[in-house]
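Participant: This is the structure I have questions about; it appears just below.
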Amino acid sequence: MVAPASWPKLITGILLPGLTLAAIYFMISAGLSLIFGLMDVLNFAHGSLFMLGGYCAWTCNVWLDPNYAGHWPITIASGNLRFIIGLIVGTLVGAAVGSLIEISLIRPLYKRPIYQVLLTLGLVFVFDALVRTIPAWGSLSRAPIKPPMLTESLSLLGRRFPSYSLFLICLSVSLAVLIALVLRRSRIGLTIRAGVQDSAMVEAMGINVRRVFTGVFGFGSGLAALGGAVAASFIGVYPEMGLEYQLFAFIVVVIGGLGSYSGAAAGALLIGLARTFSDHLVLETGLPTAIASASTVLVMAVVLLLKPGGIFNKN
Amino acid sequence: MQRLRPLLPLVAIGGLASLPFAFAADTTRFWQGVFIQIFILAIYALSYDLLMGYTGMISFGHALFFGAGGYTAAILLRQAEPPSMLIVIAAVIVVGATIGAAVGALSLRVSGVYFSMITLALAEIAFILFKADDPKLKPITGGEIGLQGIVVPAAIDATTYRLRFYFLTLACMVGLYYAARRLINSPTGRVFVAIRENEPRATALGYNTLHFKLLATAISSTIAALAGMLMVLYEKSASFEMLSVNLTIQALLMTIIGGIGTLIGPMLGAATIRLLDHGLKGEFMQALLPAWLRPDLVFGIVYVVLVLFFPAGLMGAIRKLRGKTSRSSVERLRQAMKPKAES
Amino acid sequence: MTPILEVEQLQTFIGQYHILHDVSLQAEQGSITAILGRNGAGKTTTLKSIMGLTPPQAGSIRFAGQRLNSLRTFSIAQLGIGYVPEHRAIFRDLTVTEHLILAERKRGDLRRRGDLIFSLFPDLQRLERLLGSQLSGGQQQMLAIARALVPETQLLLIDEPSEGLAPVIIEQMMRAITALSEHTTVVLVEQNFRMASAISQAYYMLDDGRTVDHGTMTALRGNPQLIQRYLGAA
Amino acid sequence: MPNVLLKTEHLSRSFGGLQAVRDVSIAVEEGSFHSVIGPNGAGKTTFFNMISGAIKPSSGKVFFAGNEITGLPLHRMIHLGIGRAYQITSLFPSLSVAENVRLAAQARGRDTFKFWQHSDRFERYHERAQAALKLVGLRGVEQVLASALPHGDKRKLELALLLASEPRLLLLDEPTAGMAANQVPELIEIIQQLRQSGQHTIILVEHRMDVVMSISDQITVMHGGSVLAEGTPQAIAADPRVQQAYLGELYDDVLTQPHEVAHDTNS
Amino acid sequence: ACSSGTGVEPTAATNPTSDSAQATEAPPATTAPAATTESTEPTAAPTSDSAAATGKPIKIGLITDQSKALSLYGTQEINGFMLGLEYATNGTMQVAGRPIEVIVKDDENNPERARQLARELIEKDGVELLQCCASTSSALTVIEIAKENNIIAMIDPAAGPQITGSNFNRFVFRTGRNTLQDALTAGPYMVENVGKEFVQLAPDTDFGKGSAASWRSIIEANGGTFVSDDVFIPADTTDFTPYLQKLLDAADEKQAKVLMVTWAGANFPRLFQQMQEQGVLDKLTLATGFGDNVTMPMVYADAVGSVGMIAYHYTLPKNEVNDWLVEQHKAKYGSYPDLFTAGGMASGIATVRGLEATKGDTNADALIAALEGMSFEGPKGIYTFRKEDHQALQPMYMVKLISITDPDAKFFELLQERSAEQTAPPVMVTE
Ligand SMILES: Nc1ncnc2c1ncn2[C@@H]1O[C@H](COP(=O)(O)OP(=O)(O)OP(=O)(O)O)[C@@H](O)[C@H]1O
Ligand SMILES: Nc1ncnc2c1ncn2[C@@H]1O[C@H](COP(=O)(O)OP(=O)(O)OP(=O)(O)O)[C@@H](O)[C@H]1O
Ligand SMILES: [Mg+2]
Ligand SMILES: [Mg+2]
């Protein structure tokens, strides 16, 4: 079907870019999977937190730059340092805002799951408008700013591969492993799963369910924001990015199977590779390019029809 | 007050029918247009409520149904010799019902969020296909430009006969509302509600719930398709926007704001959203609000507050105002229990 | 001996409905106290009020001298109160073992209490890997009780433990509760009057959200009219 | 010669490695009252689930009124005349009591797809629903939402749902669970009435021995998935295996005086 | 060719405050004081509209993006249009005794909203003329409403060829250039001076396909060849690698020399960055259209020295109108007029000139008669509305990028001015 392509090309043209996409998808999906799967909260605003992380990181990169024309008392000469500060600030802001959202808005709605969807959907509008309202951000799209240490490209099998993409992939994989270890070794997962079904009963067992929920929500949000902060140097920032990546995150989580953490990883991998593979397919066969755009949802539809509960569904 | 209740629908219909004559002459055309859109959106919201509010199936791809109706009408009307309107309507109904039933059939395999997501996927695929700039598809779908300049039968052309079209859509809305009412009060409709409440139990009572879900999606889809057709007749164009997630979200918003599972609520929701949109972005509000407070932000905040504090939407608020809560079910229970406890 | 649990003139609303009007009760350390009353009398609500699940609007609850009224449920539980709810409240997606692990309040609780639990309900050991939803009705009830036994508690609130259990198991459980009451005070809500009367020393009779009578179980057994009046057939 | 309404042949079901029901063959005569008892986890509910079509047997067959019904989907069972109550209450929580029962009554009729007519026009379902409510003693709360009923009344409503579909065979899984002591006789009264009306064949699972012993024609004792014993109440009560596996000492007295309650057994 | 109708979505890197301020500060709707010039005779136009005589204001509805991705262009259009009116009326803001009133509406870059606003403007606010918009999709819906209501719609900067092609109707006049004109500007120059072996990349949209076809036909007509299939990239692409590899293959295996890029959308900077990182720009000479002053500095950092076409830059035209524009713009808005300011101004001027010819009558037939074939002096020189498709023929520019840091935005050196005739596109009207 696909014109025979040499192995190096398949690796540099499909595998690596596919992994790069998967890395971004995973970072936004991991938190959603935790929140959505464990707490049963369908957080539509998860993408907004991704966006928030992105904007915060971008702002750090720009404002702390000594060349920045605006007025800002602190400047940092090293672009690498600005980048790292951006990641930290983005993550922290995301986690804080996420926790706040949980405490103030989600908490009253644990008994009305549909309303969580509706409320967080409203938050998407609020965040979208907020980003456009903040003068420093606005409606326009902002170009990605990469740290100097990651602007070089590496030579790989006769092609050049951006080192930032490699960074994305490595970061994502290490995060995946780290979180998996934390989850496996803690009682938190258990508490949350039980708390979702009957939080009153879990409280009656002496566990502060609310705090656990807030913690998980904040953690998931922080992850999304970190994803956004890292992605910002690759895709730039723009107000629509929240909803755009939110959709990917939903798809990933659903493909993987609700609440399955490894499912999220598998889902991200699947749709990342599906996208670059169909990009390749379209180029080689002259099929309509719409197929590449549709690949993500197509894969989801096929997976759900074959395995109605997602790949890693327990039942 | 209670005695007058049966008159309420008549008053409402009468009010809407005389509305076009209430506007100032130089803006009446505009307001007629706004209300035409409201009526069409109300029909669309109604169809969503039938599915979400009564059968408990949350579709994230409702725009698919709306767009299907719209494109069917548009494609037929753009034929060199367009078929009669009756045939167009019949085709829209057939297409709407078929697509709806097909989507309903998916619920055989997936349920809950998975159903929502797969409907989203289907709508998204349709969206991408209809938007695609593909040599084979474009002659039918119009691609990104959509199908513009559709010729509507002269007698119902909204440009020349705006008022006539106003009454046409009003009649459609009222008719479909009563049809929907009838449906949910019918034995079939009651089973829809039973499925929403507790599907396994409905099955155990002896209902083949799949049949009912098929029926519910087919009917809902047909109504949405009719709304899409009306929209195409009014706008004289069909574009891929009709299939977009935005439109599904609109349906969701209208339903929530109006009040889930009340039929009339989502229709009010449609009016609210359209008028709010016009109001918030109109000169008056812009003069009133500080420049940085964007209308979208106001809308978002109002919406969040609504969901948080008025979960039953406008209808819930109205009922509250009319003091219905005092007769809530729990109270009725307690009253009913009293004599028994003493006996 | 001072009572470990003192409840005075409790008034509880659920939403806007006044459910408990005036409930008072006391439980002596190391005793088993039964709360009796017909269907809907407010027995479950009393236990929930103590646990802070339906916080009372008025009245006072004291446990080991400490006021519980304004505490949140988990803090109340952490004071050393265990709760077996009406209708089991088993988590569908957690395995039996996971239920027991979750019930630990200190590391090693399960190790310490495992023997007691599994001797009481040997079935559970066999079912360790099953999910809550896969257990039979009675097995769920066993798990609900077992769960409350994992941590060391000074007070156990048990709501209708015999529901759905086979007679042999009920018997076993009654013995266990009696044995347990040596270290732990037990407050028991039980429809099965036979069981309640067999193991408890004191009773409180509720009717329409009020304590209408209390005394020793021996006294109640000698008063068939009272039983007839408040419980119907005994 | 009374004919057999329900028959199972070598019915088995396993979950993973666990054999929950093993080779159970019983025959229930039309119009009789048959109880199934056994320790917790003996497989009673699983057995019920297979008869009522909620789960499929691993092997074996079920016959109803002479026809094989093994593996038929759940919703078909009601139409054949098999109705069951659930061990865990399962209702339509935010519908009224009356509507809950009406839905059950309507399920067996042929009017469900008449979506152009108002449901109130089908008086017969309303009447049937009222009759069922009356039978279980739930009058005066028709307009109350099912979720707002006290637990005991929910059980009654559950029973009313069942009766409204006018089944020939009634499967009752612990109907008294969660009922107040004073309501149990009431319920037993209802079940007695059903039995005497002769229109129903009833299979009951119950842990309250006083109830089981006083009401059953025939008792099957399950243990570890298989049938341990079968016979009349007297025969079962006297069976030492049953006593040992299920009854224990607490009910010694019950076996001799079914309606009396002994007070001081343990003190 | 990135600077076409739906254009590059403007992007800014280093100066986050200045451009967004621009984007949000739309000038208020301007109402000129009622005029007292002598009233003119009623025109011979078929309507009995006596508005011209009574001095009733002429309301113009301006629909464009003020708040979303194209708001930068929308703002340029608005500022330019107002200045155009001012210039053409000598500051009186009235024509033939009728004051001009402009009502600006934000379509949020959403065609459906543009349609609604067009209706609202006509039916509620009583506008008699329409001006729109930054996006081609919005323009396409607005021209349908214009047709429905017999009202003239002046289009700028939307550049999709179908506006004056397959979707043309006689009420449409476009002062902006379309993508074919872009191709006619750069194509011949590229073939002659840069290289003959081309490969091109465009978004997989109507606009991208149309633009690519324009480039292909013009370049081939001028002796260039495309050595590889055109690469169309879905607009929602995040990682462009598979597509860029295709370009690299074309360079390695098919000796492509020049890369034509058409792009539109938020991800242009990302595309450009990836082209650099993956060595596409090392192997192929980039031929592109240059964009606005805000986007240039950050996207084209490494492209100094490259050549391309541009529709307008304030340093290029040498004429009085442009001088006036630069001066006034600087005075009013504190910055130089940008890519689409000139287009907006041309629209304003064309509107006034047309109305002068009809003596203030906004009747469509009268205005069409006046505007068809009309030439007028605008910021780029002489513009002429071609009779057949109402496309304004206008001068275009080939430039070389010499700086991206100049504080006065003097980024370009003019290589060649292409005349209105040289860049006249073929007539594509299908009716
Ligand atoms: N959520 C609620 N809303 C309104 N009323 C309630 C609610 N929960 C309980 N009630 C009412 O409160 C009263 C006491 O209920 P409670 O459950 O405490 O009784 P109980 O003595 O435990 O009865 P049972 O023997 O049935 O378990 C009942 O009349 C019940 O209907
Ligand atoms: N889905 C399942 N997966 C695994 N095991 C199951 C499943 N359902 C039931 N079992 C097991 O099968 C056995 C029989 O269960 P069943 O519910 O039939 O018992 P029962 O006789 O009704 O008990 P009880 O009197 O306690 O209700 C139990 O050990 C139970 O754990
Ligand atoms: Mg209770
Ligand atoms: Mg059972």
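Each residue, glycine too, has its Cβ placed from N, Cα and C.
Remember, TrEMBL labels are computer predictions, not curated facts.
Below, the features straight out of TrEMBL:
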type	residues	note
SIGNAL	B:1-24	signal peptide
TRANSMEM	B:34-51	transmembrane segment
TRANSMEM	B:63-80	transmembrane segment
TRANSMEM	B:86-106	transmembrane segment
TRANSMEM	B:113-130	transmembrane segment
TRANSMEM	B:163-180	transmembrane segment
TRANSMEM	B:214-234	transmembrane segment
TRANSMEM	B:254-276	transmembrane segment
TRANSMEM	B:297-318	transmembrane segment
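For each feature listed, report its degree of burial, its nearest neighbours and the pertinent distances within the displayed model.
Facilitator: If one looks beyond the signal peptide (B:1-24) by at least 6 residues along the same chain, the residues whose Cβ comes under 8 Å of a Cβ in the stretch are 31-32, 35, 163, 166-167, 170, 174.
Here the transmembrane segment (B:86-106) has long-range neighbours at 59, 61, 64-65, 68-69, 72-73, 76-77, 115, 118-119, 122, 210, 213-226, 228-229, meaning same-chain residues at least 6 beyond its ends whose C-beta is under 8 angstroms from one of its own.
Sequence-remote contacts of a segment are chain residues at least 6 beyond its ends whose Cβ falls under 8 Å from one of its Cβ atoms, and for the transmembrane segment (B:113-130) they are 57-64, 67-68, 71, 103, 106-107, 137, 141, 143, 240, 243-245, 248.
Outside the transmembrane segment (B:163-180) by six or more residues, the chain places 13, 16-17, 20, 32, 35-36, 39-40, 42-43, 46, 50, 155-157, 223, 226, 230, 233-234, 263-264, 267 with a CB less than 8 A from a CB of the stretch.
Packing against the transmembrane segment (B:254-276) from elsewhere in the chain are residues 34, 37-38, 41-42, 44-46, 48-50, 52-54, 173, 177, 180-181, 184, 299, 302-303, 306-307, 312-316: each is 6 or more residues past its ends and has a CB under 8 Å from a CB in it.
Beyond its flanks by at least six residues, the transmembrane segment (B:297-318) meets 253, 255-260, 262, 264-265, 268-269, 272, 276-277, 280, 289 of its own chain at Cβ-Cβ distances under 8 Å.
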